[in-house]
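What Swiss-Prot says about this one:
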BINDING   G47, G48, Y49, D64, F91, D109, Q116  S-adenosyl-L-methionine binding site
Amino acid sequence: MVANPGGGSTDAGGGPVRHIPVLLAEVLAALAPAPGKLILDGTFGAGGYSSAILAAGAEVIALDRDPTAIAAGQAMVAAHGGRFKLVHSQFSHLADHAPQGGLDGVVLDIGVSSMQIDEAERGFSFQKNGPLDMRMSAEGVSAADVVNRAKVADLIRIFHFLGEESQAPRIAHAIEKRRAEKPFETTRDLAGLIELVTPRKMKDKIHPATRVFQALRIFVNDELGELAQALFAAEAALKPGGRLVAVTFHSLEDRIVKKFFSDRAGKASGSRHLPVAHERAATFAAIGKPMVSASEAEAEINPRARSAKLRAGLRTEAAAEAADMSLFGFPNLASLGKLGG
């Protein structure tokens, strides 16, 4: 989800880069913040979007599931007083922190931030040795729990679907053999095994562990489910004329956002396998191009922007539809609750 997946963000000299909001101008153009408007930033992070929205005169409710981000954002809370509210929460719960039908805009920047990648103790990066954690908050199941406890069949599904890893069976079986001798504890521990069983080829542009680390992070934080629930919640929270803007960095996430807006356009759909559904009242209309990506100039300055895609929709007066997760066709993956038992 980042320019150097699993490996941290670096500048030309190899040092960590400061967090730069991706597609900021495009986000603001789609969101149209202005005095008197109430915007929810579902992924506060380092506050890049929130700062720009506040500068445009709007009021902001910002959410983040990472307590580190909440602590770092207290200076912004003090600086902006009543115009800015910062809440420790997953963005799938945005309805708990905003008036139903009262928001003028919602912006979601999906994925792990460069700051989280650069903190070795968070366990997101295989290039920085640390505990095999990957949780965006301190709660729930860690990546080590998944690797050491999940059935081989579940590991294969997780790596294949969430990481699009073609060597998923080989890696999963190697994990099973190794954990029987000694459990996995660190990022380098797991990355080393993956590199051993699937060595990098000359033509490979990424580290062999990249896709597995991505899959584990998405699974541990239920990132796809969180995104889907956030889209449904935003639909109910936005007033007519309100704007929903989502920035994604991975094909799976973009597919979810694209499917959501396509479904909410209200057009009839069907296939040779399914009956044609009748047209429904659209709850969202398109804003500008169906998808916006970063310019070469931005990607050169901020490599993380290279894979970014922005999609946006304008809320209509039609009533919000039911939150039906079957819309996205998620496979049946292992239960986080059982792994954490």
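Indices start at 1 and increase along the chain as displayed.
Positions of Cβ are set from backbone N, Cα and C atoms, glycine also.
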Residue, out of the binding-site residues D64, D109, whose Cβ gathers the largest set of other Cβ atoms within 10 Å: D64
Under 8 Å by Cβ from F91 (S-adenosyl-L-methionine binding site), counting only residues of that chain that are 6 or more apart: G42, T43, L63, R65, L108, E226, A230, A233
Long-range Cβ environment of G47 (S-adenosyl-L-methionine binding site), under 8 Å and at least 6 residues apart: A62, A72, G73, M76
Long-range Cβ environment of Y49 (S-adenosyl-L-methionine binding site), under 8 Å and at least 6 residues apart: P21, L24, V27, D41, T43, V107, D109
C-beta crowding around G48 (S-adenosyl-L-methionine binding site), within 10 angstroms: 20
Where G48 (S-adenosyl-L-methionine binding site) falls in three-state DSSP terms: helix
